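J.: Below is the structure I would like to discuss, written out as structure tokens.
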RNA sequence: GGGCGCAUAGCUCAGCGGUAGAGCGCUGCUCUUACAAAGCAGAUGUCGGCGGUUCGAAUCCGUCUGUGCCCA
């Protein structure tokens, strides 16, 4: 247990004593988050002079709980807003939920079912009351889970699509669209879910290949018969024609005649229609206008009656022996009956074909003729497409644009009415004399004998389409709208580009006088398991992110997700990777702990270059390059790359090399040690700032300990100072080369890592002279004393390292090592020689490339000379 | 059926015209006083097949195969 975790306001000097040797996320995360909220860091001020930065949350479903997809999306959004906040923007991350009409109603109906009741037993008002009650008690679990993740949302502005204000927005835009004749009521074939008992829109239908049957049935008798093929025999009871292609010679003589429809005794016409494919099956199709969208169109063209034979639950209503049968039972029964009459000429079973299912409950969709409300999307979709086409809205990554256009430019009218009770009720009243009145939010609905309101509610997407401005107070002209609309970025999955993004574009442009709801749409992929498989409950590979957060900390989950986030690409995640991220957090923890124990400081200015060691100058140079790199990557939503850049900079450069090199300087003391303490403080300070948006908790705990400042949440985002030092960089690279080379020798000679070895360093004439102490420290090399005998001499980077291994070295190991290097050098030589011997290459390749090859050849030749000499000097074995 | 994408180390992925990279995993040696949730060293790839463009192709073009997604 460490109390510093709870007390980051403690002074830097005392802090180090309290940091435990391992990072324990659970001790830090909860308290830090609550403090951030209490401090009001996440609250947006619309009266601020700062430039605005606003992101609306893709509203999670009120019935939902946090899954990895949310965690992924929220990590991205939170990182973007945290960085912008640090950069001095007035940031608003707008939280809230949608009411999820069908899903929520299903949940509450299931609850009722346990009590043996249906919603009809309660009646509409009591049922809606019951849903609200459920929402208060069990809904919105996800909001608490968002806190665990560290989401910096403005909780004071939380919104729900069924709130009064948002409901007013819905009514307002409905009325406006109605008055503009962009909403209308019409009888059409819609996608009907016989289980949810409501219409759903085209995009709420999921198609999948199912095994069914294809039966060919002979209609009519003798010369006047036609064979039609169908997968839906049960609908034949509602057939009102047979259609053939007008140019099809086989049936020309029958067009205009009537034939007998089996089992019914009815006679139906044979019609000619261009849309019949003469190549498919027999070239003749049965026409059921009430139960198939294509047939409905044929029916319209030929003025055929639409005869409904199924009710809302998919049960046969047609009089006769099949009445009361479910659609699937009816199918078998009807096929059997047809077979008994000798009318089945062919059967194909199983016959795999594409079948639509309800995206909510997976029930097979039943196309159904019914009266519904529609949005006429033509002009709205046109505007939504144009906003992207003319660059006012940028879709990132750009490749996703074609998908957007493909959809928006081929949009069918949108069915918005749902036969549910939970949702925004359609604000239309019908009068006794057939009047239809659409009522705005500030108007009184008509009263009196015979007036009644439409019983349907609106599609949930209708209200979530208003989200970017309804949450800011629209239709009121609020200061929030003024400040934060249009929002800056929309971060969401490519899977709801159609469901949600396009709706917001249409409504935003329409309601806000042509101003799109966001400037940039940043699309991310889907979270998958560690083998790239889609996560699903039924497959058993779904993971609860809360489990991982408990086990490894929220930062670890966040970092793993960020590190996998390539724009628009699916992100696989596995527990091993979360563990690796946790290890990284622990590494940062311990490196900072080391720094604090060694007096790293952020006090005063960073000393001038002249007062710094080469290692100091090198790491400051790299630090600034990293700031610039991370900034550029943030602007491009390249989370995977920026996380990786930070990971490698922190671990491979700061922790593995700079910290190790600084140990020698710090041990010596004096002004140079003071300077290095300041540089160490600076490097950690800036690195923690850079990491904070992605891993907010561990960085906050460490940064407050390091700096004694209030909070990293409101600290300034670092700028690239422009400092670069190429010379220091080369110098340190040489040190690394020597150290690595000798380490390799040691390892292959079987020396224990900690074993001290006497050595003589020949560094004269190289930049390494200044680094002798560090090199000795890193390589565990002792001074050469009396009786020193060099048993091995390693030439590297212009210097020589001679070691006394007190006795014979392992000649075979050394020969193997040198031979391997020599082979590599010779391969390099032959490759580069071949290139340089190619006239065409010399003539056409750009000069820098040729130069590079020449340099490689020269280096290879030097290596060969050196390695050959070393090999020759080895004693024979 | 139409469209889009992807095939690179055992796994998951970067790289997208000039010496094949990362993380995890794997093999050795180490509890070296920030960290064994670590350190150091090491092994591993005809960059899906075939053709073409180019001085040069994992990278550009064509084609085939496999695979995933979206739409109908």
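Using the three backbone atoms N, Cα and C, a Cβ is placed for every residue, glycine included.
Sharing the record's features from TrEMBL:
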BINDING   A:537  ATP binding site
DOMAIN    A:32-439  domain 'Aminoacyl-tRNA synthetase class Ia'
DOMAIN    A:450-569  domain 'Aminoacyl-tRNA synthetase class Ia'
DOMAIN    A:616-758  domain 'Methionyl/Valyl/Leucyl/Isoleucyl-tRNA synthetase anticodon-binding'
DOMAIN    A:810-874  domain 'Valyl-tRNA synthetase tRNA-binding arm'
REGION    A:1-23  region 'Disordered'
MOTIF     A:60-70  motif ''HIGH' region'
MOTIF     A:534-538  motif ''KMSKS' region'
J.: Given the domain 'Aminoacyl-tRNA synthetase class Ia' (A:32-439), which of the listed stretches A:450-569, A:616-758, A:810-874 has the most Cβ pairs that are under 8 Å apart from it?
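T.: The listed stretch sharing the most Cβ pairs with the domain 'Aminoacyl-tRNA synthetase class Ia' (A:32-439) is A:450-569.
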J.: According to DSSP, collapsed to three classes, what secondary structure does residue A:537 (ATP binding site) have?
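T.: In the DSSP reduction, residue A:537 (ATP binding site) maps to coil.
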J.: Run through the Cβ atoms and count how many others sit within 10 Å of the one on residue A:537 (ATP binding site).
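T.: Summing over all protein chains shown, residue A:537 (ATP binding site) has 7 other Cβ atoms within 10 Å.
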J.: Calculate the per-residue pLDDT averaged over the domain 'Aminoacyl-tRNA synthetase class Ia' (A:32-439) and state the result as an integer.
T.: 89
J.: Tell me the residue counts in helix, strand and coil for the domain 'Aminoacyl-tRNA synthetase class Ia' (A:450-569), as DSSP assigns them.
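T.: Across the domain 'Aminoacyl-tRNA synthetase class Ia' (A:450-569), the residues distribute as 51 helix, 21 strand, 48 coil.
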